[in-house]
Structures are given as C-alpha cells and as structure tokens.
2 protein chains.
Amino acid sequence: MNIIENPKQMQQYSLGMKLQGKSVGFVPTMGFLHQGHLSLMEQAKKENDVVVVSIFVNPTQFGEGEDFDIYPRDFQRDRNLVEGVGADVIFYPQVKDMYPDNYKTYVDVNEITDKLCGASRPGHFRGVTTIVSKLFNMVLPDKAYFGLKDAQQVAVIKQMVKDLNFPVEIIPCPIVREEDGLAMSSRNVNLKDNERKAALVLSRSLFDAQGSIGRGEREASKIRTTITEKITSEPLAKIDYVKVVSGDTLEDLDRLSGNVLIALAVKIGKVRLIDNIMLEV
Amino acid sequence: MNIIENPKQMQQYSLGMKLQGKSVGFVPTMGFLHQGHLSLMEQAKKENDVVVVSIFVNPTQFGEGEDFDIYPRDFQRDRNLVEGVGADVIFYPQVKDMYPDNYKTYVDVNEITDKLCGASRPGHFRGVTTIVSKLFNMVLPDKAYFGLKDAQQVAVIKQMVKDLNFPVEIIPCPIVREEDGLAMSSRNVNLKDNERKAALVLSRSLFDAQGSIGRGEREASKIRTTITEKITSEPLAKIDYVKVVSGDTLEDLDRLSGNVLIALAVKIGKVRLIDNIMLEV
C-alpha cells in the first residue's frame, strides 16, 4: 500500500492510473476509522480497479469553538485498518499543503446548506464542499463513497457534483451501527461511559418514529414531538435539531410522503452527535 | 470538426481522448471570435493532440444592467473561424443545460476579485470562476488558454486552479491589437465610428505610460495622473478605473518595481472597454 502525503504526487498517481485505463474509487475520511468507513472501502474495492482513502481532518469545516483540536486522530491505527481492507493508497496530506499561505478559493452550495447542520454550523458545508472539490481534483475518482450518517452532506455533495459537472459518481452507503443501535462515529470515542449509554436516545427515538410511521402516522409534527419528548427525557442530552424533511430538497414536511429524512443532532455532554433514518413513505 | 451541445457528451468525448492518452487543449470563449481568440486556438493547436473551443455567453458573469442581451453573437461566423484554425471540437452548450432549474453552486476567489473590474462589476468573477470550473470538469483539459487582455481574469483563474488543485495548466497569451493599437475585443463591434476613434485613447495612454517608464518614471501616482488626464481629454470617454498594481497580487503600487500591471476600464459611449500593459520593472 502506498502512503502519499504530497498533493501533486497524489494527482500524478491518479493521472497515471487513468492513462492505464484503471478506474479509481475514492473514500474521503477524517480518519479515526470505524466500521462505517471500512464498509465504504469494501464497497469501493468491489467496484474499482484502485481504491484511494484520504485521511485529513479538514480545518475549514470546523467553526470557532468546535472540536477541531480534540477530533480524534491515530494514523498508525488507521493505516492498519486501511491496509486490512486492501486499499491501494492512503492520501494523508498536511494542512499547510492543502491550505497554503495566500489560499483564497471556496466552493459554496446555496440553500440546502442553510438547513439542519448548516443552520447550527455556519460555514461547515462551505468547508466540506471546498475540501471535497480539492480532493476530487487530486484523486480524480470515477466513484466516491460517502456514508449516509451525514445525509445532508451526501445531498450537498450530490448537488455540487451535478452543478459543477464533476466527472464523479457519488455512491451513498448505509449507516453502520453498533450492536445496540448507536450510529458509528469517530466522535463516539469522546463519550464518557454514562454519555455512551445516554447517546442511545438518538437511535432509539428514530427507531420509535420508524415504528409509528409503520403503524400509519403521517403527521410530521407528531413525529417531531414524540422524538423531542423522548430525547428531552434523557438528562445528558441537549437537542440541536429534530427535523422531518424531504430527502431530496431537505425542506420541512407537514405530511410524510415520498422520500422522507428524519434527522437529529443532539449534544451528549460536550459531544455533538448526529443520526438519521431515510424512508420511502 | 465536431459540434457538441450536450455537457454529458462533451465530458464523454474528453474522457475518451484521455483513455487514448491524448492531450486536450482548451480555449473557453464567449464567441464573436476575433484574432485574439484565434491566436489562443493556434497556440493550443501547437501544444495539444486535440483542441476544444467553447462558445458560451455566460449569464452569471454579467451584472444587472450590463450588456448580456446585446453581447454580439454569430455562431455561423464563429464556426467557420474555428474550423479554419483546425480545432477539433466546438462545445456550444445552452444556458438551460449549464444552469438548469435548481442550480445552487458557485466558486468564489476572495480578495483579488474585489479590485479593478471586480470592484466595478460585483459578482462578475464569481460567474467567471463558476463557469470555468464547470467547463474544466466537462472538457478535462491538460492546458487552457486565456488572453491577457483580461489580466485580472488570468490572475483569478490561476489562483483558483492552484487553490482547488485542478489538473490543468493555465497558459496566458499576449493581447492582440488592431493595427492602430486598439485591443481586440468582441465588444468593439458595438462601437459607432466616432467611438471607435475615441477608443484609441486607451491603448495610446498605456503606450505613453510605457514610454515614460522607459525614460525612468517610477512614481505610480504620476503615471496614473498622466493616463487619467489623457483619457479625460477625450470627450466620449468616461473612466471606470486607472490602476497601477502588482501583476502578482493586484495590490496598488506606490513605486514601480517587479511585475507591474497598468490596467484601465473606460466607457466609450455605452461600451465598456478594458486594456492593460504588463511590464517587468
């Protein structure tokens, strides 16, 4: 397995693969990999000649006072995991090479970035779309794999790829959960024991909502209320948002129909977690 | 010669060329081609296996009340000229395919877009960087050719390509002038006879400045004043800006040294013209 730190070398590698007619699958990550990331890599491995995994904790997608400094990092651990899956390259650039002095360019997707996590984290998606544009131009993937835990991120990236005509196919992949239901996240490691237990309130409230929709509930406000009450009953949890929206436009729904996304962001102690379910109603 | 209107087909064509190991040279234009454009195509022809010329009057780089509607267009004339140079493809997309309903994504370069033309035309460079990003992702060029009449545009595009890591080399090409010195521009056709004569004040004031720098003048303010007085003496001319700046950063200079850009924007009647000289001092 190759480890490439230099952006130009990464691009040269991918241009070389293209010239050989090889397809490149790409899994962008911020490292501290978990089973969710590994599932993306495994799918990329099945569908491409070559798999590139990037590990880069991207400063521009963290706001003031967010957890950039304490975001977990462990390159040796990540390296072993990526090698275990059989990926071909880890792209592991440094901040100074990705955002050199005199850096000035940003990519913005309007409207759908103002909602959900975009409302709580101004500038977050601008950081995401900018780094993903940069990575796409360096890695030159045919297919890129994103986890649906960040459902809004997937919607934003798909919109950007369509609008800017990137020659990349976006492959959204299902959320991977711990046995007890907690959605896998690199941030879970920052939860203390009692917080880890409290964090189950996210997935449980979503599964409850799924159950009530299965029994015929179609009023978005009722679903929101039920989820909100359940989360509020957990003393360690503080709601950022509970949203019932169209999975296509991310617009609030009154009545559930079509592609429905129920998305949560909840702070458990100091750790902000997100989770969601998507369903066809 | 191929004429391709569909963005997906354009991308497929270029991906095909890449797979064959062929280099692609790209000349983006808004059509109504003149000798300046043709010089870009000729250079592209020398340096690449395949040359793609795009013709698209890009609405997002025109502001309210600017000349989008009266921007000159003549596809048959352009087609013959491009064929004459021996380019391989004209990419001639429609607005509805480039900016479909629900379009939301823009590329912004900060700081250097606030000056010169960016100050007079808010949003202009955002339109330029967005369309150029889109075109790069469709045409997938190895090299792209831009005329130095739009010196700020060249600086902005170079910054964007560096920041977003586009795998494209930007080739700036010299201004091409009419015999009497007027810089070639598609907009020149909108000048009436007396305006055409008055328009010479742009190039003449620049050549005068070049002369005085040759004779040792190094004070930017003196050069600005001389140019301003000369242009003001032409009754049909109305100055938008006269700038003496660093060719690298576009920051105002006090004393001339290094890479110097002297740039003008002047309205002659209703036609806004730009011109510049770059020199190493």
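Each Cβ is built from the backbone N, Cα and C atoms, and glycine gets one as well.
Where the annotation comes from TrEMBL, it is an automatic prediction and has not been curated.
Straight from TrEMBL, the features:
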- A:HIS37: active site, proton donor (ACT_SITE)
- A:30-37, A:147-150, A:VAL176, A:184-187: ATP binding site (BINDING)
- A:GLN61: beta-alanine binding site (BINDING)
- A:GLN61, A:GLN153: (R)-pantoate binding site (BINDING)
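Where TrEMBL records a feature, it is marked here on the structure.
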{"residue": "A:MET30", "record": "ATP binding site", "Cβ contacts under 8 Å, 6 or more apart": "A:ILE55, A:PHE56, A:VAL57, A:ASN58, A:TYR71, A:SER186"}
{"residue": "A:LEU33", "record": "ATP binding site", "Cβ contacts under 8 Å, 6 or more apart": "A:ILE55, A:ARG77, A:ASP78, A:LEU81, A:VAL82, A:SER186"}
{"residue": "A:GLY36", "record": "ATP binding site", "Cβ contacts under 8 Å, 6 or more apart": "A:GLY147, A:LYS149, A:ILE175, A:VAL176, A:ALA183, A:MET184, A:SER185"}
{"residue": "A:HIS37", "record": "active site, proton donor", "Cβ contacts under 8 Å, 6 or more apart": "A:VAL27, A:THR29, A:VAL53, A:LEU81, A:GLY147"}
{"residue": "A:GLN61", "record": "beta-alanine binding site", "Cβ contacts under 8 Å, 6 or more apart": "A:GLY123, A:HIS124, A:PHE125, A:ARG126, A:GLY127, A:VAL128, A:ILE131"}
{"residue": "A:LEU148", "record": "ATP binding site", "Cβ contacts under 8 Å, 6 or more apart": "A:VAL154, A:PRO172, A:CYS173, A:PRO174, A:ILE175, A:ASN276, A:MET278"}
{"residue": "A:GLN153", "record": "(R)-pantoate binding site", "Cβ contacts under 8 Å, 6 or more apart": "A:CYS117, A:PHE125, A:VAL128, A:PHE146"}
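Cβ neighbours within 10 Å of A:VAL176 (ATP binding site), excluding its own Cβ and spanning all shown chains: 18.
When secondary structure is read from DSSP and collapsed to three states, A:LEU33 (ATP binding site) falls in the coil class.
Counting every protein chain shown, the number of other Cβ atoms lying within 10 Å of the Cβ of A:SER186 (ATP binding site) is 19.
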